[in-house]
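This report concerns only the one structure given below.
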Amino acid sequence: MLIFPLINDLSRKIIHVDMDAFFAAIEVRDSPALKGKPVIIGADPRLSGGRGVVSTCNYEARAFGIHSAMSSKEAYERCPQAIFISGNYEKYQEVGRQVREIFHRYTDLVEPMSIDEAYLDVTENKLGISSAVKIAKLIQYDIWNELHLTASAGVSYNKFLAKIASDMEKPHGLTLILPEDAVGILASLPVEKFHGVGKKTVERLHEMGVYTGQDLLDVPEMVLIDRFGRFGFDLYRKARGISNSPVKVDRVRKSSGKERTYRKLLYREEDVLKELISLCQRVAASLKRNGKKGRTIVLKVRYGDFSTLTKRHSLEVYTDQTETIEKEVRQLIEEIGKIEKGIRLLGVTVTNFQT
């Protein structure tokens with residue numbers, strides 16, 4: 001017996017567009033000498049004392065296992081010949097605006113997820129084109145013809161599947177998932193590929209012996225709800241290709257944060273500071289990637305006994321700089337103290353964004 005009704009609207013036409021290695025692609029476009037070389041957007045560890053994280057990198061760098069949020073030091077160790085570029089985020093914002101202008105030629109139902117990806121509902125569109133695949137091809141053509149950049153696109157009847165589809169053929173790919181194919185495609189995927197299923201949920205699913213979409217299909221609804229609460233029903237629906245989440249035109253990101261849970265409690269100050277610095281770097285990279293600056297820094301600490309404290313401080317100016325965020329977080333952890341209790345979780349968030 002189903003606890004919640006399974007309602008699936010198959011009439012919608014949703015496109016997910018994801019720019020390919022966006023920041024790095026812009027740099028290669030503007031400096032042709034970089035073509036074919038591994039390019040990393042992030043601080044050069046040879047100039048920053050080994051500090052910094054990778055904001056993004058091109059596909060040549062990804063061939064070495066480099067990815068976003070990796071430390072610049074590790075990226076250099078994997079690929080010493082890589083070219084590090086600190087990044088011009090104002091330029092990236094302007095190109096992102098140009099990409100969004102292209103989207104709006106076809107529909108005003110656009111939900112930006114970040115500077116380089118968005119969902120489009122083209123069920124009803126400005127050009128009266130009945131084929132979502134044709135619209136996706138036109139968008140890819142416009143982006144290449146006008147901006148000399150490539151984008152991957154996924155087309156399906158909901159956002160979840162459109163996102164899955166856009167990840168299936170990169171770069172410059174276009175994948176369509178039809179209703180009759182959805183369950184079979186999802187069944188073949190590892191649960192890590194399910195958008196919205198985080199690392200902790202994946203670990204818990206693995207503990208249940210659930211590794212693929214097919215494994216998830218075989219788990220009764222009540223078992224998932226007992227284990228994951230309301231999110232268990234979402235998992236039950238995802239495995240069946242069901243999602244009715246609308247494209248939210250007014251979506252506004254209000255904060256940017258990262259947190260990490262530790263299986264072994266942290267007791268030493270140097271270990272805590274090392275983790276906090278890493279979190280600050282990742283938050284700053286996320287802010288820059290999304291073109292955001294904030295002025296309120298929030299530190300979250302959860303102890304071994306599961307008690308949780310948060311501390312915040314507001315700056316006079318808006319920032320997206322690692323050094324500024326780190327300075328405030330160091331002050332906040334000093335104010336909180338009590339490291340000797342053992343720390344189970346640390347989190348850093350920047351909010352109160354510049355409008």
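Any Cβ shown, glycine's included, is placed from N, Cα and C.
Quick caveat, the model's predicted, so the values are computed rather than measured.
Across the domain 'UmuC' (14-198), the model assigns an average pLDDT of 95. Feature annotation from Swiss-Prot assigns domain 'UmuC' to 14-198.
For the recorded site, D116 (Mg(2+) binding site), the DSSP three-state label reads coil. Long-range Cβ proximity for D116 (Mg(2+) binding site), meaning a same-chain Cβ under 8 A and a gap of 6 or more residues, is found for D18, M19, F22, F23, G96, V99, R289. Under the heading Mg(2+) binding site, Swiss-Prot lists D18, D116.
F23 (site 'Substrate discrimination') carries a helical DSSP state (H, G or I). For F23 (site 'Substrate discrimination'), the Cβ neighbour count at a 10 Å cut-off comes to 29, with all displayed protein chains included. Per Swiss-Prot, site 'Substrate discrimination' is recorded for F23.
Neighbour list (E117 (active site), Cβ cut-off 8 Å, at least 6 residues apart, same chain): H16, V17, D18, M19. For E117, the entry in Swiss-Prot reads active site.
Cβ-based neighbour count (10 Å, all protein chains) for D18 (Mg(2+) binding site) stands at 20.
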